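Listed in TrEMBL for this protein:
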BINDING   Pro132  substrate binding site
BINDING   Thr163, Asp212, Thr215, Asp220  Ca(2+) 2 binding site
DISULFID  Cys84-Cys89  disulfide bond
DISULFID  Cys169-Cys202  disulfide bond
DOMAIN    41-292  domain 'Plant heme peroxidase family profile'
SIGNAL    1-27  signal peptide
Amino acid sequence: MKPSSSLSFHLLLLLLLLPQLLVAVDAGGPQKKAPYDDGDQLGKHYYARSCPSFEAIVGSKIAHWHSVDPTLSPGLIRLHFHDCAVRGCDASILLDNPGGERRSPVGGPYWGNVYGRRDGRVSIAQEAEALPEGRESITHLIDFFESLGLDILDLVVLSGAHTVGRATCQSIEYRLYNYTGVPSESDPSINPRYLNYLKRKCRRRSAYVDLDATTPTKFDNAYYRNLNNRMGLLSSDQLLRSDSRTGPLVEALSSQPMVFVHQFARSMKNLADTMVLEGDEGEIRTNCNFVNEY
């Protein structure tokens, strides 16, 4: 089955969501352990006894949501990144507290995953606001990914998630009309035909434009081919192609779709494994939106 098929994309989203959705499966109390857990260690079969059908349940729900609104799919990928890149995959983005991540304007919105991680007790909006927004230099992005224990390959591959999803015209307005602070100047790195398209599309700042101009609803490697053609929507995307440290990887992934799919799985696992909370380092929330009261 092709990686862009509806079923495989639903499975992708299921696996992306599991770290956030499974933390409350055995929510019989903050100290209760899953019947199958191996002490406080993570494991693929952590929920085999307490909730053996959870993958089928979550998968069917995601398939339904995607059929109702396909734009939710890239949003879920974005949500996964936002949660895992701030204090690890601890579901802190779900906490509904003043100054929490879900209140941040960045908003947002797996593979062979292991289960049993704990929920975090801290959610700070300022930490979420420090996440990349699409205007950063490649050096800044490399430093950010290295702070998570990820490398340049992870940076380039995870950026490929922009093969689906949209951005507001407001986020790229400066590239179209005010590049380097000069009125009416456009970013010279944008393909002229693509630039004309974007100017027609973005007559209103509130309008949306696809991150992938060629196959916006398929999870494929077209994102990298677009960068080769100077059709990266965000400036940080296009810089991946022109920077000597990341350009060769963009070139390789643009012509090897299965390599991208394989490495995307590995890089998503790397992201999910950052700053994992186990045992007393976190908790099992009885209400996903609030820390437990002791």
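Using the three backbone atoms N, Cα and C, a Cβ is placed for every residue, glycine included.
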* Structure fact -> For the binding-site residues listed (Thr163, Thr215), most other Cβ atoms within 10 Å of the Cβ sits at Thr163
* What is the number of other Cβ atoms found within 10 Å of the Cβ of the residue listed as 'substrate binding site'? -> 17
* So how many other Cβ atoms are close to Asp212 (Ca(2+) 2 binding site), meaning within 10 Å of its Cβ? -> 25
* Asked: From the Cα of Pro132 (substrate binding site) across to the Cα of Asp220 (Ca(2+) 2 binding site), what is the distance in angstrom?
  -> 22
* What is the nearest of the binding-site residues Pro132, Thr163, Asp212, Thr215 to Cys202 (disulfide bond), using the Cα of each? -> Asp212
* **Alpha-carbon spacing, Asp212 (Ca(2+) 2 binding site) to Cys169 (disulfide bond), which is rounded to whole Å** => 14
* To do: Restricting to the same chain and to sequence separations of six or more, state which residues have a Cβ under 8 Å from that of Cys169 (disulfide bond).
  => Leu198, Lys201, Cys202, Arg204, Arg205, Ser206, Ala207, Tyr208, Val209
* Within 10 Å of the Cβ of Cys202 (disulfide bond), how many other Cβ atoms can you find? Include all protein chains, please. => 21
* Quick one: give me the count of other CB atoms within 10 A of the CB of Asp220 (Ca(2+) 2 binding site). => 20
